[in-house]
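**Q** Take this structure first; my questions come after.
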Amino acid sequence: MALNLRKNHPLMKIINDSLIDLPTPSNISVWWNFGSLLGICLVTQIVTGLLLSMHYTADTSLAFASVSHMCRNVQFGWLIRNLHANGASLFFICIYLHIGRGLYYGSYLNKETWNIGVILLLTLMATVFVGYVLPWGQMSSWGATVITNLFSAIPYIGQTLVEWLWGGFSVDNPTLTRFFAFHFLLPFVIAGLTLVHLTFLHETGSNNPLGIPSDCDKIPFHPYYSIKDLLGFVLMLIVLVTLALFNPYMLGDPENFTPDKPLATPPHIKPEWYFLFAYAILRSIPNKLGGVLALAASVLILFLIPLLHTSKQRSMTFRPLSQILWWTLVADLLILTWVGSQPVEHPFIIIGQLASFAYFTIILILFPIASALENKMLNL
C-alpha cells in the first residue's frame, strides 16, 4: 500500500497537522476567524510592502518625492500603496477583535499562546509606527519626533537613549534610514513569532465559546473551517479593496500630503486611529513620565489578564456581570479613541482622564470583583 505523502513527508506532515487534519472544536464561532485573517493581512502587507520598497528611497530629501513618484508613475503604484496603507488599518481591526475575543471567551488561560500574542501586538505596533514615518510628510516626521521623545522621560538614560535612537540631535536622515530598516525587518519577526504562537496554540488546542474541554467533540480543520476561513478572507479582501479604491485617504491625515517642514509644527499632532486610545491615555496625565508609564501600562496590562482571572468558569458566555463590564470596556475604548483625535482643551481633557481611569479600573478591579461575585451567586 502506498504511503500517504501528506501524512508522512517531513514538511507536508507539519502543514497537514496544522491546517488539514488539525482536530478543532466543533462549535467555534466566526470570532475564531480572526487568527487566519491576521495571517492573510500579514502576507498582504509583506507582498505590497516588498513591491513598495523597490521604489522607495530612504533619504529625507527624496522620501516624499519617491512616494509621490510611486503613486504617479509606477504601474499600479497608487493601488499598491493604498492597499498597504489601508491593510494596516484592517490588520489592527482584526487584531483588536482577536484580542477582544480572547478576553471574552477566556482564551488567555492558554498562557503561553496569550503572552506570545501580546508580544506580537507590541511588535506590530512598533512596525506600524516606524512605517508611518517613511513617507516623510508633516505628520510622519512630527509623529516620529513626539513619540521617540517620550523615551527622554526615562530617568538618567532618557536623553542619551533618544539621541542614540535618532542618530543625531534631532529626527533627521539617520532616523529615517534606520526606521526603514526596522520596517523592513519587523514583519519577518512577526511571521516568526506567529509560528511560535501557533505552536503553543496547537499544544493545547483551540478554546471554544462554552469555555469547556472539547476533546470529546473534535472535527478536522479541513474542509469545515478551511471553507469558513475562506469566507472570511473574501469578505475582508472586499472591504480592503473597497477602501483602497473608493476612499483610500479616509483613515489618513491630511497633514501628510505636505512634505516635512522641521520649522512648522502641525496644529494637532496625532497618530493613526488605531493608536488613539493609547495616545488619549498618554495625554490624560499632566506629568511626562507618568503619561509614558500609563501609555506603556495600557498595552502591557494584557500580560496581567491571566493572573486576574478569578472566575470558576472560563468563558463569559454564562456570566452576565462580566459581559456588562466587557461591553463597558469596549465603549470606554471607543471614547478614548475619539478623545485622542480631539484637541487638548475642555471638555476633552476631563473626558480623557475619566475614560483612562475607567479603563484601568475595569480591568484591574471590577473584572476580578464581578467574577468573584458570580462565583458566589452560582455557589461555585
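Just so it is clear, glycine is given a Cβ too, placed from its N, Cα and C backbone atoms.
Under the heading heme b b562 binding site, Swiss-Prot lists His84, His183. Residues annotated as heme b b566 binding site in Swiss-Prot: His98, His197. Annotation comment: Swiss-Prot describes His202 as ubiquinone binding site, evidence class similarity to another entry. Per Swiss-Prot, the feature transmembrane segment maps to 34-54, 78-99, 114-134, 179-199, 227-247, 289-309, 321-341, 348-368; the stated evidence is similarity to another entry.
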**Q** Top stretch among 34-54, 114-134, 227-247 for CB pairs under 8 A with the transmembrane segment (179-199)?
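**A** Ranked by Cβ pairs under 8 Å, first place goes to 114-134.
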**Q** If we check Cα distances from His202 (ubiquinone binding site), which of the binding-site residues His84, His98, His183 wins as closest?
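**A** The smallest Cα gap between His202 (ubiquinone binding site) and any of the binding-site residues is with His98.
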**Q** Answer yes if the transmembrane segment (227-247) and the transmembrane segment (348-368) have at least three CB pairs under 8 Å among residue pairs 6 or more apart in sequence, and no otherwise.
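**A** In this chain the transmembrane segment (227-247) does not contact the transmembrane segment (348-368) - fewer than 3 Cβ pairs sit under 8 Å.
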**Q** Given the cut-off of 8 Å on Cβ pairs that are 6 or more apart in sequence, determine whether the transmembrane segment (348-368) and the transmembrane segment (34-54) share at least 3 such pairs.
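**A** As far as Cβ distances go (cut-off 8 Å, pairs 6 or more apart), the transmembrane segment (348-368) and the transmembrane segment (34-54) do not touch.
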**Q** Using a Cβ distance cut-off of under 8 Å, indicate which of 78-99, 289-309, 321-341 has the most pairs with the transmembrane segment (34-54).
**A** 78-99
**Q** If one looks at the chain holding His183 (heme b b562 binding site), which residues at least 6 apart in sequence have a CB under 8 angstroms from its CB?
**A** Gly49, Thr127, Val130, Gly131, Leu134
**Q** Which has the fewest other CB atoms in a 10 Å radius around its CB: His84, His98, His197, His202, the listed binding-site residues?
**A** His202
